[in-house]
């Protein structure tokens, strides 16, 4: 198959005051740059666009490569491309880096026009809603009145939920994968410890570490904690068991002995190369704040105006966003007599299943997307 | 009920060479001090002694108070005392701080007689077996030839398993509670991240922080991670839900908002007052090294010489030491035609259930202990 080559684009907003957004905190914020990538062609009616929303550590680079020599394609390349579930021969796939991120969209590492230095902790606390408000500016800019679908896993699913609630007429269908209508206290707990690790790294200072030594240790610890929660007891048993790393016997040293330790060490180390610690603080905080039942009184009330055709998918071994949280969404939609399909996929891969179980998930998504196709 | 007043005692060993132990690593080690507490009276035959083995953060102070004005009694006070499941009117309860600990038994904070400074990282890497070798010296010292029972939860259960394998004739019965025959890769993963947090704390230095600023942040993070793994999604939902701490609205600050965050902060902060970071490294490493199937070829082989009457207890919501790991022990015992009872207790309390579900667990233990009573 021919290699899909994609390009990151930047939309600059906020040069005039109309493009400054009002955040959920009440603060106005701008200017805003949005990094986004488009794969496939927007048709004349502009009704074949699918917005894919990324998870905590994702970015706009959803599929393809920037150049042939790139080692890896985008994060959901197995799902997005010609003939793939998100079929770029049919659909125009849009993916943008979220507000607060560190991959081109305005975030804490961006320059604060007032101080002409990076925002650092002067960046405002944002919400999933705020991320979606920014995405809407991009969709408006592209002249799209209605998205064929908004889809996302994990935090991406939260954004899709915010879309169908805030802009119901703009979303024809939505796929909520391995996600939830609120972050559980378990999720908040892990996020809190990750933030604590970052903020107690002596290189963190008060977040103003740009151009200096970065709080690598703290961010690596946060990432390692995250990684454990993305796996499952079963997937770790299958993947690592109690195998030793590069040795035949226990070392009787305090250093790493086991393969799972080396794996985490590697994951932590590689993450700090590509992710900004302050973004980790802001994006996890946005997730922790996500609470549709709390905001609307009940999940049923939150979803009452939804018009999108819905797909909800969970995975059996996902203990970070367990099936019961998907079922809560499904039940609330059904009580509102909405069009919803639900599937719990058998998988040992834990939360990461939304990235790994691409065959099972792909078939379900393909069928869901195809069901609503207009023949365009 | 009258308050049980107990006393911590210290046994000093190793003044002659016969009392230096050979560790699993092959190194000789001594001298060794053992902190222990005894509740109840050893009968003339010395056949009513029960050894209780503590978990990672426990110590010899299993029950009662040192003085009336103490705020809290020992860690398993609900289970140990007159008329309680471990009935001190009948049994003589012994509990000692493990080797490598920081509550009186020799550990990394103890003075290395060679350097006359604390061992710090010169302390040898130890195993659960090594802890049990030291306990055996205490039991020998007390003149006890056979323990009526060895009981423990979590890491305490690992020690009980090591007892029945290494000294089968010395153990009449054993209760293995919320434990496992090996630490899973999930368990190793969490332990590794905790150790990493401690060792990347700038105050850790090379472990030689005694008398200086302690690596509090790192140890607090390790403890917070641990605490999450001792709870369950369900227990956290029941206990915290998404309640805010001391506020009515989200702060839109990066600081803690939720009750679960304050809880973890408190747990982390109080732990560093009472636990040595180096002990955390050594004791978690000992747990990670525990692997009966790996050591003996199979769990069935490991347990073939066991003569103790066995009780194995697990809890439904314990995801750190899940029921399947208890079942593995039970199956291996049954294949060896050993006398074993198994109970999975319905509980939402997670791994901490072994400390919290004292009524259910108490009834089972009482019945198990009573079944083998000699009428003494």
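Note that Cβ sites are derived from N, Cα and C of the backbone, with glycine treated the same way.
Straight from TrEMBL, the features:
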type	residues	note
DOMAIN	A:48-357	domain 'AB hydrolase-1'
ACT_SITE	A:154	active site, nucleophile
BINDING	A:223, A:352	substrate binding site
ACT_SITE	A:318	active site
ACT_SITE	A:351	active site
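Features recorded in TrEMBL, as mapped to the structure shown.
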| residue | record | Cβ contacts under 8 Å, 6 or more apart |
| --- | --- | --- |
| A:154 | active site, nucleophile | A:55, A:56, A:177, A:178, A:179, A:321, A:351, A:354 |
| A:223 | substrate binding site | A:57, A:194, A:267, A:268, A:271, A:272, A:275 |
| A:318 | active site | A:178, A:232, A:347, A:350, A:351, A:353 |
| A:352 | substrate binding site | A:230, A:231, A:235 |
- Item | DSSP-derived class (H/G/I helix, E/B strand, else coil) of residue A:318 (active site) | coil
- Task: Tell me the Cβ neighbour count for residue A:351 (active site), meaning other Cβ atoms within 10 Å of its Cβ, over all protein chains shown.
- Result: 25
- Query: Out of A:154, A:223, A:318, A:351, A:352, which recorded positions come under 8 Å of chain B, measuring Cβ to Cβ?
  - Reply: none
- Item | Where residue A:154 (active site, nucleophile) sits in the secondary structure, as DSSP reduces it to three classes | coil
